[in-house]
Amino acid sequence: MEETYSPFTGRQGQYNQGYNGGGRRDSRGGMGERIKPVDWGNVSLVPGNWKVLDGKAIKKAGEIKTSTPEAGQLSEEEATKWREEHVITIFGDDCPPPMSSFDHLCGIVPPYLLKKLTAQNFTAPTPVQAQSWPVLLSGRDLVGVAKTGSGKTLGFMVPALAHIAVQEPLRSGDGPMVVVLAPTRELAQQIEEETKKVIPGDVYCGCVYGGAPKGPQLGLLRRGVHILVATPGRLIDFLDIKRINLHRVTYLVLDEADRMLDMGFEPQVRKICGQIRPDRQTVMFSATWPREIQRLAAEFQKQWIRISVGSTELQANKDVTQRFILTQEFAKQDELRKLMQEHREERVLVFCKMKRTADELERQLRRWGYDAMAIHGDKEQRQREFILARFRKDPRLCLVATDVAARGLDIKQLETVINYDFPMQIDDYVHRIGRTGRAGGEGRCVYLITKKEAQITPSVLKELIGILERAQQEIPDWMIEWNAQQPRYQVKRNRGMNGFGRHQSAPFLRNGHRPSFSANGNYSAHGNGTFGLGKHNDDAVPFSSSAIQYKRFDSDDEAEPSRKKYAR
């Protein structure tokens, strides 16, 4: 046991140092069993200031109908027209007009911030930035729903820096003023990197994440930061051992909130929010707007405004040309070799589902004479950072990645994405596409798909056709045929029924001679129940998990999957 000093309690404590300084928990962190609820009525809090820009002043400036930048914001009529042109939908009352020009920030944000933005050759704010800035600068909570590569990082970070400028200075032992939660360490590092491009020398930004030694990260927190970017698991670890307090946090950001919930971080996020003062300003950004995110927003935010850039339906970037190659599993490597030859002069990212597949493709690409490296969850953090840094700098390097790199990573000038495996979830499909065609650029996305992959995930195939239609992409004839051959019934995966339409106290439907429940809820002692299924014909496949898994299409000419028997 190592004796360490806590800068917040002033007491000596014991800290169990694990592998690589990671402590006893993995990168997901524990559940914070030792974190106690805060009685905010008995806590002395530093007063916060959330209204950088008065909302009434914004509306008043919007009424001035002149085109000069000094006039401030757009008029109500101009704002409505601008939102229609950029397909922005507003949900909420008293939403301020967008800031369609950097000139609208004059006199509102610190002067250094405008200089930093113009130094990066930005000509105008992106649509999500233009609408989110006035909302956040007026102190309102925000939910932003926008596709990847739309400039969301600066969408919440520019108001955060203006927010810091009007707060009381940090004192020794204070925690951060701004906390940004990200689902993956790669995204957390990217947010930190983008933030450091626009902060001055007297504002400090730090990043803590799992998979890296805790010692340097604890030293960073001990010195003090204004902005902390963190993954939920690692922040829970530090809260659990009382190495950080969040009482000075007045601005909280949940980036890629849908991804955090998909990865099972909801308990950690709830614990962290419980340690942050209730009068905070809360910002959520997400690529989708599922029911879980709606529930989270209603719970964590007050009088919030939701802005949606584009359709609320899941959609792919229209700037990316999508191409599908129908193949068989044994021929995938041959198709990959042809694609690599076709895109030899471009930066290429290859996605696959399995870690062992990524390592195998890395070796195969090197045998073919390509410089290739693989990145996945089994790689150490320093290896992943090295590979990503080299991929950004070297256009000749081919990167093979699992879905750990599918969201949030911003690779400049990535022309081509090749999907070696078809994803199991439609969200992963869209976010793989989002790695190319960023910031208004064009890109190409190629999918190698087999009939077996499409049959295992028939619901994904149906959603895929809808995404292709909304992105104005060509739909292959065979995809339309497969979708038409799908069974007309669907399994209703009700909660409390283990997802297979059975009561928890009832036995599984393993064959036609086991008791089951019918669609109208009647108990059957002889099986053949159709609970969870719509009405079907006499020649339809009886309900069972194996019947659905091995359902065959009329056009399927592949062999039936072999079932191997293993000795017990």
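Just so you know, glycine gets a Cβ as well, placed from its N, Cα and C.
If you check Swiss-Prot, you get these features:
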BINDING   A146, K147, T148, G149, S150, G151, K152, T153  ATP binding site
COMPBIAS  23-34  compositional bias 'Basic and acidic residues'
DOMAIN    133-307  domain 'Helicase ATP-binding'
DOMAIN    335-483  domain 'Helicase C-terminal'
REGION    1-34  region 'Disordered'
MOTIF     102-130  motif 'Q motif'
MOTIF     255-258  motif 'DEAD box'
* Within the chain of K152 (ATP binding site), which residues six or more apart in sequence place their C-beta under 8 angstroms from its C-beta? -> V128, G144, A146, D255, F285
* To do: Report, as numbers and ranges, which residues of the same chain sit near the motif 'DEAD box' (255-258): CB under 8 Å and 6 or more residues beyond its ends.
  => 152-153, 156, 180-184, 187, 191, 284-288, 290, 292-293, 296, 407-408, 427
* So around the ATP site, A146, K147, T148, G149, S150, G151, K152, T153 aside, which residues have their CB within 8 A of the centroid of those CB atoms? -> T126, V128, G155
* Going along the chain, which residues six or more apart from S150 (ATP binding site) have their CB under 8 A from its CB? -> T126, P127, V128, V309
* Residue among binding-site residues T148, T153 with least C-beta crowding, 10 angstrom cut-off -> T148
* **Cβ neighbour count (within 10 Å, all chains shown) around A146 (ATP binding site)** => 23
